[in-house]
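Please read the structure below before turning to the comments.
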Protein chains: 2
Amino acid sequence: MVQQKQRVAIIGSGNWGSAIATIAGYNTMRHKDVFEPTVNMYVYEEIINGEKLTDIINREHVNTKYLPHARLPDNVVAVPKAEEAARDATLLVFVLPHQFILNVCKSLKDAIAPGAHAISMIKGVDVANHHISIYADVIEKSLGIPCAALSGANIANEVAQGLFSETTIGYRASQRGLVDYYQKLFDTPKFRVGAIEDVSGVSLCGALKNVVAVGAGFVDGLEWGGNAKAAIMRIGLMEMRNFALEFFDGVKPETFTETSAGVADLITTCYGGRNRKCAEAFVRTRKPFHVLEAELLNGQKLQGTETTKDVIEFLESHGKVDKYPLFKTIYDICYNGLDPQQLTERL
Amino acid sequence: MVQQKQRVAIIGSGNWGSAIATIAGYNTMRHKDVFEPTVNMYVYEEIINGEKLTDIINREHVNTKYLPHARLPDNVVAVPKAEEAARDATLLVFVLPHQFILNVCKSLKDAIAPGAHAISMIKGVDVANHHISIYADVIEKSLGIPCAALSGANIANEVAQGLFSETTIGYRASQRGLVDYYQKLFDTPKFRVGAIEDVSGVSLCGALKNVVAVGAGFVDGLEWGGNAKAAIMRIGLMEMRNFALEFFDGVKPETFTETSAGVADLITTCYGGRNRKCAEAFVRTRKPFHVLEAELLNGQKLQGTETTKDVIEFLESHGKVDKYPLFKTIYDICYNGLDPQQLTERL
């Protein structure tokens with residue numbers, strides 16, 4: 001049997017999207033038996049110094065706006081229309097801000113190849129009308145194709161520099177036969193890919209870690225030291241896992257405690273991330289989060305506080321908030337004026 | 001039935017011993033229904049500015065040498081002979097450097113009360129003649145009494161300052177009825193005690209974390225960033241757990257991935273500890289570890305490198321070293337001149 005080669009399209013080209021494109025481009029060339037070598041990358045068109053960003057990328061092979069210090073492989077081609085980038089693609093990599101997902105999926109519907117499948121690197125959860133969804137499910141539902149998730153301790157700039165990292169792919173039972181493609185597309189000696197049959201767990205790790213990171217940032221602001229910070233992280237990891245097990249089917253507890261998407265990404269985020277940073281500044285300055293976001297994040301968005309709000313409103317609508325005392329305390333500090341000094345009192 | 005009150009003796013009075021004595025002293029007063037209020041603390045006698053350390057402690061209620069910034073409760077009494085400190089004690093808390101254990105236990109044999117039991121806070125493992133033991137087993141065997149273990153993300157100075165911490169007690173099946181005493185002796189609103197029936201797992205967490213911390217320190221010295229550090233910690237945690245499951249009976253995997261003794265202490269140690277610090281300096285300066293220990297640790301001992309050696313020699317004698325590639329790589333960097341740049345190549 002001659003197997004069809006996978007045609008890869010990357011839908012998104014921010015900091016993380018560009019970093020993962022460097023890996024995907026490298027690997028499609030390395031595994032020509034499995035992949036068509038050209039990797040289209042959907043780039044939302046912007047004008048940079050009078051020139052189109054797609055033109056700059058395709059001439060210089062650098063995303064000068066979002067990942068200026070890394071060279072993209074020549075076989076990664078910037079395409080300014082999502083449906084053109086995804087034309088006949090069999091393997092779609094979604095890596096764009098969640099607010100654009102639904103519109104982009106709509107435009108892709110008629111472009112993708114029969115039997116196509118997807119993998120999502122989108123962070124966060126979609127909460128509406130007392131219902132919570134991961135974005136892999138949103139994509140799956142919108143396009144009618146199976147969608148895996150990739151998440152891990154993956155600071156984009158470090159990955160792009162070729163520093164050692166691990167990551168985790170959470171896949172669906174229907175994607176078991178496709179895991180080998182995902183591994184081949186992303187695994188390198190410096191970017192090690194693990195896989196686990198748990199798309200919800202992997203996705204929720206990427207969303208809920210940001211809630212815990214806000215708590216870790218409070219500890220830093222309070223100057224409570226290493227013991228307290230590790231305690232908040234441990235308790236947070238348990239609440240993350242319990243939340244996933246309570247509200248999603250097929251979640252594996254070990255996704256949280258054993259994988260790069262789980263415990264490792266939590267560590268990276270609680271020591272290095274932007275949520276931690278703003279939460280620390282919140283305690284020190286008592287400025288509102290939207291002010292700190294503007295002052296400290298250089299245009300990036302603060303996900304932790306928003307996810308905290310989504311999660312607590314969802315839990316309250318289900319009468320389950322009391323089972324998540326750390327999440328609730330973080331919420332009350334962010335939104336209800338609770339003194340950060342009271343961070344551990346309900347734990 | 002009138003239950004006998006527990007008479008507590010703390011065997012050891014260094015930095016951590018003194019910190020835990022502040023808690024034990026506070027709790028025996030708080031729970032007078034369960035404990036005799038006086039807590040004897042064995043203090044190895046030293047002369048400080050011409051005065052006996054025990055006299056200073058008993059007059060000023062401060063261990064001026066090892067924990068100068070914390071006040072000991074008045075009911076903690078420094079005693080310069082171990083057998084006097086332990087006279088009629090029913091609950092012995094061992095918290096002294098491991099090299100003194102056997103001699104101290106010998107001197108205690110005739111002093112302790114019938115039905116006495118113990119809890120160990122001693123770090124490290126005892127490796128000799130292809131055999132590996134935790135110190136709780138060494139104490140149990142030496143004294144013929146059951147011995148639990150306490151370990152956690154517990155930087156002593158932070159605990160003594162009353163900053164929030166968690167800890168974990170690993171107990172034996174034969175100690176199930178005693179766990180309530182341990183909880184009451186140590187739990188406070190700022191020092192939260194969890195318990196799990198796994199004395200080996202809790203003890204091994206305290207020992208093996210230091211091996212991983214050496215690896216984390218290498219990453220810091222190499223400046224490989226947050227992804228790589230989290231990856232080393234995650235892989236290290238898995239090797240810690242697998243080692244315990246392979247060579248000890250009754251180990252619970254969740255001791256490693258869910259408790260303060262496991263994942264939380266690993267985090268604290270890999271970000272703040274002395275093993276991390278010396279390993280970072282080793283990469284930056286290439287000075288031998290014994291020199292760095294003398295230069296950086298102010299008289300404290302480096303446990304990580306020694307434990308690494310013990311563990312690898314034990315694994316080699318069992319033909320199992322290949323199953324622990326991170327431990328082996330750390331060993332080869334420390335002892336066999338392997339370039340730290342090769343830290344991740346065998347993983």
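Think of each number as a place in line: the chain as shown, counted from 1.
Backbone N, Cα and C define each Cβ position, glycine as well.
Because TrEMBL annotations are produced automatically, they should be read as predictions rather than curated entries.
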Could you look at B:ARG71, B:ARG192, B:ARG274 and say which one TrEMBL places alongside B:GLY12, B:SER13, B:GLY14, B:ASN15, B:TRP16, B:GLY17, B:PHE100, B:ALA156, B:LYS301, B:GLN303 in the NAD(+) site?
B:ARG274
The correct DSSP tally for the domain 'Glycerol-3-phosphate dehydrogenase NAD-dependent C-terminal' (B:198-344) reads 117 helix, 0 strand, 30 coil
Listed binding-site residues among B:GLY12, B:GLY14, B:TRP16, B:PHE100, B:ARG274 whose Cα sits within 10 Å of B:LYS123 (substrate binding site):
none
Those binding-site residues of B:GLY12, B:GLY14, B:TRP16, B:PHE100, B:GLN303 having Cα within 10 angstroms of B:ASN275 (substrate binding site):
B:GLN303
Where among the binding-site residues B:ASN275, B:GLN303 do you find the Cβ with the fewest other Cβ atoms within 10 Å?
B:GLN303
Tell me, how many other CB atoms lie within 10 A of the CB of B:TRP16 (NAD(+) binding site), whichever protein chain they belong to?
22
Long-range Cβ environment of B:LYS209 (active site, proton acceptor), under 8 Å and at least 6 residues apart
B:MET240, B:ASP265, B:LEU266, B:THR269, B:CYS270
